[in-house]
Amino acid sequence: MKRLGLFLLLITGLLFAADVPASTPAPASKAEFVYPDFSQCYEKNRHSIVSFGSTRSVAISEKQAVAYSKEKPSVPYVRFDYYANLYLFDSPKPLVPVKLKPTSELKLGEWLVSMTDNSLIAVNASKIGNSANELFEFGGVGEVSTLVGGLCCEMYGLGIGDKFFIGSEALKLFIDGKTASFQDLGVRVVDGNESVIVDFVDSNVKEAKLKVGDVITRLNGKSVKNVAEFADALRGLKDLSKVSAQLQRNNAWMEENLMAPKPLPKKEEAKKKMPTPQVKKVSYLQSKGFTFDTNLRIKEIARGSFAEQSGLKVGDRLMQVEQLPITRVAEADAYLAKNRNREVSLLFDRDDFQFFVTLTR
């Protein structure tokens, strides 16, 4: 009996459990994406963004600020790189500087902020430059001369518009005067080891003879150990095609002129003057329809001319003009030229019959 009761109790428990609905697990909440909060960095660094004239700049020390601009600032500046369009300003008032952070610590895809003194956008690092000479990129569109930084609130670079920014290493070289552009030479150089190194050559300067990677140690025999000495050595030199540089190129030492001589302007070939066709001078008598042979006989009469209207015929011979006997047409023309304003009588002979023709002037 005890066993039967235990069995019935077990069956009843199972039936009761079957009637109780199973509890439905609560659906897992979907993870929502949240943009990183750069508001703290914005509040910390917005006072580092200052203007010199109308040029927005970022303070990198208590006395200086750096800017990117394709337009020349309206106020004085202390340094300019015309290839990178970078300007360095001195401030008469103390600035609130931002700390530069090495881009070597920047990771692809890392969240960044591109900010001005009154705006910010969150972006991703989409391309990391391999050297200080390469631009960095982020996914987004930023303004010109913006502070580009990370959640650490330090500055990775300077935005130059669109999706690009100049890395902090390149900025530091420019700020410290360890790089400089020379527009006349078509190159930019950076400090090397007791030398300067060409790190950029403008392909538009056709006369440039230096090449990227050239290590320059002397100019015209004068030692140049850094960018400042290189600039000093060039100062005052007018014809750069006559300035020689002692340099190392591809592990070989050589001497090279900084510039090729500018080609002389092509002289325009003097246009060959075509001989002016000589217009045969028409005598006065010819203008009246007479054409004479060497014996002063009429050999041709123009249709409708004075000669035809006067009844003259081919073969008639001119004997004299007024009372002047003539032997050449030129003599008749000379006489007629002196007596332009009056009628002149011409004496002709036709088969031993002589007659006058009055030439009306």
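In case you wondered, yes, glycine gets a Cβ from its N, Cα and C as well.
Since we're looking at a predicted model, the values are computed, not measured.
Here's what TrEMBL has on this protein:
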type: DOMAIN; residues: 170-227; note: domain 'PDZ'
type: DOMAIN; residues: 289-334; note: domain 'PDZ'
type: SIGNAL; residues: 1-17; note: signal peptide
Secondary structure content, the domain 'PDZ' (170-227) (per DSSP, counts of residues): 7 helix, 23 strand, 28 coil
Mean predicted confidence [pLDDT] for the domain 'PDZ' (289-334): 84
